[in-house]
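*Asks:* Swiss-Prot lists these features:
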- G7, I8, D9, G10, S11, G12, K13, T14: ATP binding site (BINDING)
Amino acid sequence: MFITFEGIDGSGKTTQSKLLANHFKQIRGENNVVLTREPGGTNFAEKVRGVLLTNNIDSISELLLLISMRREHMKKLILPALAEGKIVICDRFIDSTIAYQGYGFGVDLRLIRDLHKLVEIKYPDITFILDIDVKVGLNRAKDKNKYEEMDVNFYNKVRKGFQEIAIKEPVRCSVITGIETKNDNHVHNEIIDKIT
């Protein structure tokens, strides 16, 4: 099973990814669950991550780097783990690229999808989109990088992107709303209820 967590910065993706991984490790065993992230997940991608998050590069160049990193991530980590019957949980994946690069920066959505098809990216089985008020999310965000320096209008576009993805793909995507009014355990229990 391949599960991803999506949402704007400060929505709690990293926390919920870790909580779900720990939940499955208790059930399936430590070695049967893989927790990973994007950008990142492989040695190559982790090196490029620092460049992406701290440098302002052209939006198409950034898209191509993200897709290259994702292909490497799929081939070296995600697909082998899934082939071994492991549960893979990823903090961000393809939907973040669509929301941030497409909706936020205005890169053509068709181009983003076509490039992912070209490099044979597998979509997750389940995606949890953690929906939070933009201002609250930005106040909660822990990692300060170039994206946190973007204005509220940018994040409103990104949030709208995630919401539209969920509308277009209701079987794969499950939206957890009102994150700003719930504690981490409440959100985690909501996620567990949706999986079982």
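Every residue, even glycine, has its Cβ placed from backbone N, Cα and C.
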*Asks:* Under a three-state reading of DSSP, tell me whether T14 (ATP binding site) is helix, strand or coil.
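*Replies:* The three-state answer is helix.
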*Asks:* Identify all same-chain residues not among G7, I8, D9, G10, S11, G12, K13, T14 whose C-beta atom falls within 8 angstroms of the centroid of the ATP site's C-beta atoms; report them in sequence order.
*Replies:* L130, I132, G137, R140, A141, I179
*Asks:* Within 10 Å of the Cβ of S11 (ATP binding site), how many other Cβ atoms are there?
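*Replies:* Here the count is 27.
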*Asks:* My understanding is the cutoff is Cβ-Cβ under 8 Å with a sequence separation of 6 or more in the same chain; which residues meet that for G12 (ATP binding site)?
*Replies:* L130, I132, R140, I179, D184, V187
*Asks:* Far apart in sequence but close in space: which same-chain residues, 6 or more away, have a Cβ under 8 Å from G7 (ATP binding site)?
*Replies:* K13, I129, L130, D131, I132, G137, F162, I179
*Asks:* Would you mind checking how many other C-beta atoms are within 10 angstroms of the C-beta on D9 (ATP binding site)?
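*Replies:* Other Cβ atoms found within 10 Å: 21.
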*Asks:* State which of the following binding-site residues has the fewest other Cβ atoms within 10 Å around its Cβ: I8, G10, T14.
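*Replies:* Per-residue Cβ counts within 10 Å for the binding-site residues I8, G10, T14 bottom out at T14.
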*Asks:* Counting every protein chain present, what is the number of Cβ atoms, excluding its own, within 10 Å of the Cβ of K13 (ATP binding site)?
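*Replies:* Looking across every protein chain shown, the total is 23.
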